[in-house]
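Participant: Here's the feature list from Swiss-Prot:
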- Asp36: [4Fe-4S] cluster binding site (BINDING)
- Asp299: active site, proton donor (ACT_SITE)
- Gly434, Met435: substrate binding site (BINDING)
Amino acid sequence: MKLVYWMYAGPAHIGTLRVASSFKNVHAIMHAPLGDDYFNVMRSMLERERDFTPVTASIVDRHVLTRGSQDKVVDNITRKDKEERPNLIILTPTCTSSILQEDLQNFVDRASIISDSDVILADVNHYRVNELQAADKTLEQVVRYYLGKARRRRTLDQSITDVPSANIIGISTLGFHNQHDFRELKRLLQDLGIKINQVIPEGSFVEDLENLPKAWFNFVPYREIGLMTAVYLEKEFGIPYVSVTPMGVVDTAKCIRQIQKHINNLAVVALEETVDYEPYVYQQTQFVSQAIWFSKSIDCQNLKKKKAVIFGDATHAASMTKILNREMGIRVSCAGTYCKHDKEWFNEQVHNFCDEVLITDDHAEVANKVARIEPSAIFGTQMERHIGKRLNIPCGVVSAPVHIQNFPLGYRPFSGYEGTNQIADSVYNSFIPGMEDHFIDLFGGHDTKEVIMKSLCTEKGVIWDPESQLELSKIPSFMRSKIKRKIDKFAVHNGFTKINIKIMYAALICL
């Protein structure tokens, strides 16, 4: 454990609670001290749903520390079993309560005897995995549990559906634009004549998980949650899966072609015919998605000399890197992810589309990288938005973690062909504010002429005199911060603590 100012991926119990609260009629018991029980407030604020978050905190207090937790945890499980009548209760500790090293499996076994609900302990190592890994593992554990239960009851039907069908795995609460992406993916599959068999975990019942083997293939739109489940279903039941994220015109077409391949492997036998989705891909690419036209427009051509930095989860950061470089011609100076457990896949995806790759979960390292590169725009998480504000660099938010403004009520998918339009808008609008600020200054649109001094870490103690500040204010705002940082570095390098007009012009000559 470590004390941090900012975490890209939360602790493991948050991932378990995301999966539990995504299912319908599933309740989670969180064995935790006060301070770890913020999930309810966070989810209620961000998702803005009508229903209460189905999570109860079993608080570890001084009485628990003296007597032990067993009675309190078991009482909480049985009480929720009677009050809520859930199909499943998931017990999870937090990284803090795990220090107690209690036998929680024994608590679960005891509660299972007197509860009508199924009760399981989240099989997660809270010291070694983060939120995303825990969510992936918990979803696989729940699926494995109910398919095993159906097998023991001899109620597991493995016959596939009469028409092509798919399971969508990984849509969950608190995901980045997950609800919008699901609507777009649902429309995409319907256009292809594919029935949706199950969507897990969001909005599904655990009792319906025994129907998962009926699908022709599994669709995993995000690597972070769902991949372990898809691998398990392929190994255990022979169900193939598609894990190409349909973001951008090229990868959406690639995803559809993979779907076509898996459909045709079964269609030859089940339907005695094959499917051809190429006309659909052509129609959508040329006439529905505006991204291809936009990439050839003068607006997008003007962005080709610009530099960008991209940072986020592995799925969104890799997809955005390929879209900006391959489809829009924008130079990606650095592409990075905080998913250190998936660094090999991320490197493989982006190494041909960017100048350098950054794998870190330290926001200060990301900030210093952005300050060094001085890109025209950043595409990242909520933290990169803060970094951009400090450096006066525009930022488009393209990945979790995000704040409430990136849980829009309107329809804004990032996946599918409609998602390509949303991404094109986001990219273009992120590059524009620099010129807008310049024109506002040029025509005197603001009341103040003060120069905002912004730097990250290295130029502390450097003072600008009023005359040099006035001269700096004459530089267009979209270039001002970059030039100021270079002058600051020049002053520090040459041992100056106060910048005047003479030093300023000497630095500009050396630029």
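Quick reminder: no glycine exception, Cβ is built from N, Cα and C everywhere.
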Participant: To which of the recorded positions Asp36, Asp299 does the lowest count of other Cβ atoms within 10 Å belong?
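Facilitator: Comparing Cβ neighbour counts within 10 Å for the recorded positions Asp36, Asp299 gives Asp299.
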Participant: With DSSP assignments reduced to helix, strand and coil, which class does the residue listed as '[4Fe-4S] cluster binding site' get?
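Facilitator: DSSP call for the residue listed as '[4Fe-4S] cluster binding site': coil, neither helix nor strand.
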Participant: Report, in whole Å, the straight Cα-to-Cα distance of the residue listed as 'active site, proton donor' from Asp36 ([4Fe-4S] cluster binding site).
Facilitator: 48
